[in-house]
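Q: Structure provided below as structure tokens; questions to follow.
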Amino acid sequence: MIKKASLLTACSVTAFSAWAQDTSPDTLVVTANRFEQPRSTVLAPTTVVTRQDIDRWQSTSVNDVLRRLPGVDITQNGGSGQLSSIFIRGTNASHVLVLIDGVRLNLAGVSGSADLSQFPIALVQRVEYIRGPRSAVYGSDAIGGVVNIITTRDEPGTEISAGWGSNSYQNYDVSTQQQLGDKTRVTLLGDYAHTHGYDVVAYGNTGTQAQTDNDGFLSKTLYGALEHNFTDAWSGFVRGYGYDNRTNYDAYYSPGSPLLDTRKLYSQSWDAGLRYNGELIKSQLITSYSHSKDYNYDPHFGRYDSSATLDEMKQYTVQWANNVIVGHGSIGAGVDWQKQTTTPGTGYVENGYDQRNTGIYLTGLQQVGDFTFEGAARSDDNSQFGRHGTWQTSAGWEFIEGYRFIASYGTSYKAPNLGQLYGFYGNPNLDPEKSKQWEGAFEGLTAGVNWRISGYRNDVSDLIDYDDHTLKYYNEGKARIKGVEATANFDTGPLTHTVSYDYVDARNAITDTPLLRRAKQQVKYQLDWQLYDFDWGITYQYLGTRYDKDYSSYPYQTVKMGGVSLWDLAVAYPVTSHLTVRGKIANLFDKDYETVYGYQTAGREYTLSGSYTF
């Protein structure tokens, strides 16, 4: 619903309901400009997913949550735990900034992209998702968009849950949040998930030498947080989490050589912070440490054998963010410091290296009559490539009450990672990848339908690629991406509808060929209703045609992959006020399709789960 909001409570910006699972226009978000503001005041397209949405969808992975959102295209080398990539609005998987509680996710390896198949869904309490450039706020990576996974629970209580499903899937979870006195609360969580999986390789596509076995996944997770309010304005927190994952994947036989077909990932993160929440001024200081160890090995020889590979990364972060209400809006400023360190002898970096980055930024939001203005600028000083600046600006005009036009422009960049710089095939002279983006949008509320339609263009230069002849990474590539995004949500009686359409033309700007693994069109539809205390949900997704490479041939051949329509059906029933049982059929019509050429998807899957809260 569109309505006016007062300045001090809602930044004095006209409230428009963007496409989101939480359709309240006054939902507060922190990701867009690094300070708390109503979602309706953010000019960039923004989606919020709550834990209630995740439970209603009965999602068993983060990828299953994200695939439902506008502009997102997920590819995966098979089922649970297998290597996955997130493409937002046609940009590379490495052009998506993933934050955990506002802190950059630690990424080991040479790809520089987040593999969220490994991140436990049990930790996800909320997702804030911003589309478009955000490097002027966050620095490197935020070319296609920002995904902020928030682990903090909103309400006290205890929940015990269990689930079972196809391919011997099982999941057990216990979480609790308790008050210790009036000013302190503690949160604890433990989770175990396992599936035997299935054989992910489609033999007709990848030849006859593939390994024939089930490719399973095992994940064990622990989480703890302590929060304390010193006064009404001052508060602090300490939190930590870790997960221990094992993934079996398909490898190819080479006589006399170990068969590396098992991945073992250890990850731990620790954060501590101090917050000041005044009437006009807000400030937050956060320090963070994370450490990940990613092994690939033959289980007959073990992960410490000379044939095994190891990607190990330590990341240290300090963030100081401030926000002041000024006039009919606010101004934010802050400093980020980050250090990433590799361990000598990892799979990609023979010697130990570190990379430091210090960024300073300024953000602003202001309303003048029927106009809303938003801007940000940032300067990063990197130990490898020196100083790099980015900026963005947006303007919104409510030309008729309830209808708004938005125009925006922004620059962004992706820094080369340590593997690309110093790995066996690294190039220390690499420059950052750079992006220039334009977007225009109309949004409004018409006959009960909350809608938005956007058109955008993104020109990316200095793309980093690998040269088969020099065996080095280099800057040369260019991409040109054009797209249209339309979203809407509305109710018809007891039925709630959420729909989105994406058209993405992502091309190599030099050869004019389509970029791989991006669907040209996507349609996503969610229908929810309640009947006789049963909560029903139907999910539909159309994935359009896309292109990929057949790596089993030489030279590699480009292949065209057809589109597919997918349906999910979910139902939940509250047996009592404490006990809820749920059931789901994914891929209802058992469609046979691939998102990565040569790797088959699971087909129809069933899950049954229950949760008890007290």
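Just so you know, glycine gets a Cβ as well, placed from its N, Cα and C.
Note that the structure is predicted; figures quoted are calculated from it, not measured.
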Q: Between the candidate ranges 88-97, 108-117, 198-207, 328-337, where does Swiss-Prot place the transmembrane segment annotation?
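A: Among 88-97, 108-117, 198-207, 328-337, the range Swiss-Prot annotates as transmembrane segment is 328-337.
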Q: Scan 24-33, 44-53, 424-433, 434-443 against Swiss-Prot and say which stretch is down as transmembrane segment.
A: 434-443
Q: Of the residue ranges 62-74, 517-529, which one carries the transmembrane segment annotation in Swiss-Prot?
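A: Among 62-74, 517-529, the range Swiss-Prot annotates as transmembrane segment is 517-529.
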Q: In the structure shown, which of the binding-site residues L83, N92, T309, Y551 has the fewest other Cβ atoms within 10 Å?
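A: Sparsest of the binding-site residues L83, N92, T309, Y551 by Cβ contacts within 10 Å: Y551.
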Q: Three-state secondary structure of Y551 (cyanocob(III)alamin binding site) from DSSP?
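A: For Y551 (cyanocob(III)alamin binding site) - judged by DSSP and reduced to three states - the answer is coil.
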Q: Provide the three-state DSSP residue tally for the motif 'TonB box' (26-33): helix first, then strand, then coil.
A: 0 helix, 2 strand, 6 coil
